[in-house]
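Below is one structure, written out as structure tokens; comments come after it.
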Amino acid sequence: MRWFLVLLLVALVSVEASRRSRLFKKLYQKASNYDAAPSNVQTVWYKNMKLDHFTWGDTRTFDMRVMWNNTFYKPGGPIFFYTGNEGGLESFVTATGMMFDLAPMFNASIIFAEHRFYGQTQPFGNQSYASLANVGYLTSEQALADYAELLTELKRDNNQFKMTFPAATQVISFGGSYGGMLSAWFRQKYPHIVKGAWAGSAPLIYMNGGGVDPGAFDHITSRTYIDNGCNRFILANAWNATLNLSSTDAGRQWLNNNTVFKLDPRTKIRNQTDGWNLNAYLREAIEYMAMVDYPYPTGFLEPLPAWPVTVACGYMNANGTSFSDKDLVKAVANAANIYYNYNRDPNFTYCIDFSICGDQGTGGLGGDELGWPWQECSEIIMAMCASGGSNDVFWNECGKDIYQTLQQGCVSIFKSMGWTPKNWNIDAVKTLYGYDLSGSSNLILTQGHLDPWSGGGYKVDQNNAARGIYVLEIPGSAHHLDLRQPNTCDPNTVTNARFQIIQILKCWVDPNCNTIPTISPLPSISIPNGDCKDVVGGYPWGQTTGATVSNSFILAILASLYAMF
């Protein structure tokens, strides 16, 4: 769910522009060879996918990329279907190891479908983002219809793939971040096609009317750092320190020639506006490390050590409040270097003007970098901002009307296409999918306690649980860690959550399972020590159903005793 992630496409020429650009937090993650989960996928193409599923007057089509692995599939087994999100499929294949780990147990086929307008699935080729008329077909609703058509085709005799799944084949959808949102909505919109959904770190209610505080993301980011030993004063005051230094000749001289970081020659500090640019650059690293605070080395966004927030706090944990401006900036910059330059490349430079260099924090996204901003400027409109003070360690950027500020950002990005506020629907998600789960069933919604995006997810509700809607907030877990390949360094909470989820999946695909599974509270967190290694085919990872039942039994006894007194 990226996150999160910030895609800063507008030059930060003022404080207000900085606020606008930071509103586009992109959930996409870029994988690397650090995240090489076992996959062995084959690429195939769905030919002649409908461009517009909701009219009979438009017969245009495009080709959609699909990756699959049928090594473990046996007739009668389910389809594990990944609802592709805002990026190329490769990232999601390598970062969703649980699907591959479970497939042999379930005799499952693994299918990843690429989201229209992302990766290699470009309906209009290199003109996909050339006009509003073209990019207007980039919607979650159209993408879900793509997935529904693909699965329908796969169950059709003599289909274009020359591989037919029985009509009774159960489909379980998987997804993380925006992909998790799609996975949950897929089950809600197409329950006749999808038996159930595992949606990891999906901010399903972070839109208008969902009841989420706009400051939730940065509140949780700040909590993750403070809980890991960071001195709140250092983080909260470093931003003004940057501005103070950028306001004087001596301060600018130091910022441009210090020994902690090198600035790109094109983006030297010349004024306080450049100081804001530096703040945005440093903050991006702080936020992203909270998202990907994994217990082992990864390369999900950039190459990072295990528990990167803990490592970062090693530079920001000095006691007290008596720090010079230079001390504060050095502390946060050293922390940011863990994200941007963990491999200590001596030639690495901070390019802090995103209009010149793009976003170094999520570089390599390809030619579809306008995709997520378009979706945030049309249907998936998330009001997010830091407010400082007691809420978080950043500056107050909320302003009087967060949506008006967001609109100004949309105009800046899409003005050449003629974007106006008429092109967005602030209530699109509420109208298309809704926030009330009373009519839904068979949803597994996981949230990582460390993950800033968890603030946009559902909370535990016993009424929902009675309908087979499971909400798990997992201590010690960052952005959809539960969907990644199991690892010896995973906290026991993550392992137990996976184990319980698998019992639910078993019921969903078993035609003889007529009882809604229940889940138990997760155990107190314990973090393993030692070498971190992927665990392939390790289910049940030392967990037992009996232990889970026993925990529930103990809780029931305690509740009864409490009632007696």
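Easy rule for this one: first residue shown is 1, then count along the chain.
Cβ coordinates come from backbone N, Cα and C, glycine included.
If you look up Swiss-Prot, you'll see SER177, ASP451, HIS479 marked as active site, charge relay system. According to Swiss-Prot, the feature N-linked glycosylation site maps to ASN69, ASN107, ASN126, ASN240, ASN244, ASN257, ASN271, ASN319, ASN347. As annotated by Swiss-Prot, signal peptide applies to 1-17.
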Chain-internal residues near ASN319 (N-linked glycosylation site), provided their CB is under 8 angstroms and they sit 6+ positions away: ASN231
CB within-chain contacts under 8 A for ASN107 (N-linked glycosylation site), separation at least 6: PHE72, TYR73, LYS74, GLY76, GLY77, PRO78
Most crowded position, judged by CB atoms within 10 A, among ASN69, ASN126 as glycosylation sites: ASN69
Between ASN69 (N-linked glycosylation site) and ASP451 (active site, charge relay system), the C-alpha gap once rounded to whole angstrom: 30
Minimum Cα separation from ASP451 (active site, charge relay system), reported as the residue among glycosylation sites ASN126, ASN240, ASN271 that achieves it: ASN240
Most Cβ neighbours inside 10 Å, all chains, among the recorded positions SER177, ASN271: SER177
Where ASN271 (N-linked glycosylation site) sits in the secondary structure, as DSSP reduces it to three classes: coil
Rounded distance in angstrom between the Cα atoms of ASN244 (N-linked glycosylation site) and ASN126 (N-linked glycosylation site): 44
Closest of ASN126, SER177, ASN257, HIS479 to ASN240 (N-linked glycosylation site), Cα positions, recorded positions only: ASN257
